[in-house]
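The annotation transmembrane segment is assigned in TrEMBL to A:34-49, A:56-74, A:86-105, A:112-129, A:149-178, A:209-228, A:248-275, A:282-304, A:324-349.
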Amino acid sequence: MRRHHLLLLVLVALPLLVLPPFLSLGLQNTLVSMLVAALFAVSFNLLMGQGGMLSFGHAAFFGIGAFATLHLMLAVEDGLGVPTPLLPLAGGLAGLGLGLVAGYFATMRAGVYFSLVTLALAELLHTLAPQWDGMFGGEAGMSSMRMPWGGLVFGSVLEVYYLSLAWVALCLLLLWAYTRTPFGRLTLALRDNEQRVRFMGYDTHKARLVVFAVSAMFSGVAGGLLAFSNEVANYTTFGMPVSAQVVLHTFIGGSTVFLGPVVGAAVLTLFAFFVSDLTRSWLLYQGVLFVLVMLYAPLGIGGIVELHLRHMRELRWRALAGPYLGAAVAGLLIAAGFVFVIESLAVLFSSDYAVLRRDAGGLPPFPFLGTEWQPLSPLTWLAPLLAMAAGGWLASRAGRRIAPLWDEARRVHTQGGETA
Amino acid sequence: MTTKLLNTTCLTLLAAGLLAGPAAAEPLRIAIIEPFSGSQASSGELYAIAGKYGIEEINEAGGFNGAPIEVLEYDNGGTTSGAADKFKQAVAEGAHVILQGSSSAIAGQLTEDVRKHNLRNPGNEILFVNVGGEALELTGDKCQFYHFRFTTTAPMRVGALVQAMKEAGDLGTRVYSINQNYSWGQDMEAAIRAAASQGGYAVVEATLHDVNKIQDFAPYVAKIKAAEPDTVLTGNWSNDLLLLMKATGDAGLDVRFGTAFLDQPGNIANAGETALGHYLASPYNIAAGEKAFPEAYKAKTGHYPMYMEPQAVNGVRTLGKALEKVDFGGGEIDVTEIALALEDATLETDLGPITIRKEDHQAVLPVVVSRVEKGAAYTVDGTDMGFVPIKVIPGPDALYPVQDSCSMKRPG
């Protein structure tokens with residue numbers, strides 16, 4: 001089991017170390033965003049997945065980390081002798097500070113009330129920041145420059161990438177070590193049954209506060225890395241999209257697995273990079289993806305992978321291969337049909353088509369995928385609908401064949417566990 | 001066998017090189033970085049349509065440097081970090097010029113990104129053509145050589161409004177200033193106070209309120225009523241303008257509005273008759289110019305140019321004038337030379353010339369003051385109302401002094 005994990009770690013770490021110099025500048029920068037999002041999501045998940053506290057305002061700590069780092073960067077520009085690679089530390093400290101203060105109040109309550117307090121906190125900063133020029137730089141934000149240090153210029157994206165990689169790896173290691181400590185176990189207990197923890201003699205308010213502050217601190221480091229990379233911090237960092245994004249990353253990646261949020265952050269950041277310039281509907285696809293994961297795989301992508309790893313020996317892979325392939329084809333068919341319909345509608349409602357329509361005085365064929373399509377022809381709409389129907393049929397067939405195989409694997413697994 | 005293969009490869013490469021020779025002219029790449037998703041998507045879309053229209057005009061006239069200009073479009077999602085990411089991607093894909101308009105916050109991010117990129121990559125500079133960011137600090141604290149602003153600012157809009165409304169006899173002597181509490185609203189309030197002596201009015205009260213959060217403006221209208229102003233001057237946009245005007249109408253308060261963004265699509269339809277008689281100062285009004293431009297625009301895009309579309313087109317056209325003056329003979333593009341030419345460029349528009357002030361790269365452009373009336377030449381939002389031009393204030397008269405905070409480092 002341990003060897004599996006080590007192998008997996010090497011498989012992930014090696015390309016991250018070796019590949020970037022050969023990638024395009026845009027992709028290098030996306031990898032930086034991915035690292036930042038990954039750290040942010042894991043620290044968010046410490047609170048959400050392990051501590052059972054769903055924060056809707058984690059952008060507050062992310063943002064405060066960004067601004068703190070930027071203030072330190074400005075000071076370094078003016079000659080303060082802080083080594084450039086240590087700049088994100090300021091973000092961590094600011095996150096910790098704000099986390100202690102805000103967390104003291106937020107952790108007095110649990111559940112929905114906790115979420116609302118955190119939401120209010122982020123909104124407070126979001127409203128305050130554009131008006132407080134000295135602290136947050138007004139609407140246009142604050143800006144600084146990374147100073148050279150120790151023979152490194154820190155001008156290129158690649159240097160930023162490797163520094164971010166080092167910071168994120170270190171932070172993830174610390175966060176993982178945290179889960180191994182007795183306090184990390186207590187965090188899980190807080191989530192599962194707070195009352196029992198209190199009866200055991202712990203001050204649960206203090207314990208929850210510590211979890212909150214630690215999560216805020218690492219979120220601050222992530223924000224610091226973002227400021228380090230962008231060299232600008234702006235009030236929009238406190239906005240709802242940032243708070244929502246980290247929730248999406250965590251749930252799609254899977255909150256039950258330590259590295260689940262990393263998977264979610266990686267998948268969605270790369271998705272945004274590749275798809276956002278291809279189509280204007282990419283946020284819709286992202287939303288659909290989220291809904292599908294919540295409906296059919298509430299454990300998230302990471303959870304699914306972990307489930308397979310855990311049942312590695314018990315699963316009959318040869319019998320599963322066929323249905324899995326079928327399910328993959330089904331997924332492709334449904335996705336293709338859905339994307340076709342959405343993109344056709346996007347073309348039909350675009351201003352370019354409005355011009356065509358006016359010139360033709362009717363409903364002219366619309367160009368899509370290199371050919372022309374008749375908007376009123378049943379063929380145009382039947383083809384994708386048929387593809388989706390066929391996909392649905394295939395999916396349900398594959399599902400019926402997969403379910404018993406999994407039931408069997410689970411049975412063997414629990415029996416094996418009992419005998420061992 | 002191997003040698004033969006090698007020879008063929010060499011020959012093919014050589015041939016390809018020879019063939020590519022004349023066609024290898026470096027195209028100018030313009031990156032449009034706007035929000036195409038999220039709450040700001042509608043204005044991002046308009047800027048992109050206008051920008052592409054202007055670029056297409058240049059391409060139809062023969063392009064630049066022996067090739068058509070290439071347009072790269074990026075969705076910044078309405079956030080500054082999104083814009084920073086897309087800027088890096090644009091650089092990676094060889095962009096020479098960044099074109100952006102919606103949101104001063106994003107303009108602030110991009111102008112800083114451009115400045116740092118140019119510091120670190122001498123010889124590979126990038127030019128930032130700002131067609132919509134009105135925050136004063138873009139030509140103040142943040143002013144830099146490679147940023148050009150092709151729109152108005154608060155003092156330009158207020159100065160024009162005050163002058164035209166006074167001449168029309170609609171200004172009065174008591175002015176109420178109500179604005180959003182962030183840099184733009186604060187700029188507006190300062191401009192309204194500064195123009196008091198020129199307009200011969202007193203600012204009876206000034207209010208700053210939350211940005212796009214207020215649902216009920218009744219308390220503010222009560223304050224306005226109590227101050228008994230003749231005119232309300234406001235830089236409010238979107239819901240803050242709409243709800244303010246509606247609340248005023250509901251309260252039966254007969255007061256004239258002087259605004260900066262009344263022409264935002266949907267405003268007139270939503271406000272209805274309440275909007276009649278109110279004023280707008282904007283960088284362009286198609287009703288004040290010849291018919292040719294709006295008609296050509298409509299033929300291409302399906303609608304008459306509205307809101308900030310004309311100013312974006314004018315920004316690109318001015319860039320086109322600069323491009324006419326530089327010639328790289330199909331070779332490598334030197335952005336600094338383009339920027340220097342842009343400083344000297346003049347665009348003749350129907351409303352007067354547009355030039356660049358060298359000290360801070362603010363465009364010197366005419367400001368149009370219009371009034372909402374029925375039966376205008378171009379009605380908007382499917383209503384029978386539209387913006388009737390009252391006065392065109394020539395660029396130099398509308399201009400404000402260079403800000404002290406601007407210290408621009410010129411190349412070389």
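Glycine too: its Cβ is placed from the backbone N, Cα and C atoms.
With pairs at least 6 apart in sequence, the transmembrane segment (A:282-304) and the transmembrane segment (A:86-105) have fewer than 3 Cβ pairs within the 8 Å limit; the two do not touch. When Cβ-Cβ distances below 8 Å are used as the criterion, the transmembrane segment (A:248-275) is approached by residues 26-27, 30, 33-34, 37-38, 40-42, 44-45, 48-49, 172, 175-176, 179, 282, 285-286, 289-290, 293-294, 299-306 of the same chain, each at least six residues removed from its ends. Taking pairs at least six residues apart, the transmembrane segment (A:34-49) and the transmembrane segment (A:209-228) share three or more Cβ pairs below 8 Å and count as touching. With a cut-off of 8 Å on Cβ pairs spaced 6 or more residues apart, the transmembrane segment (A:56-74) and the transmembrane segment (A:149-178) reach fewer than 3 such pairs and are scored as not touching.
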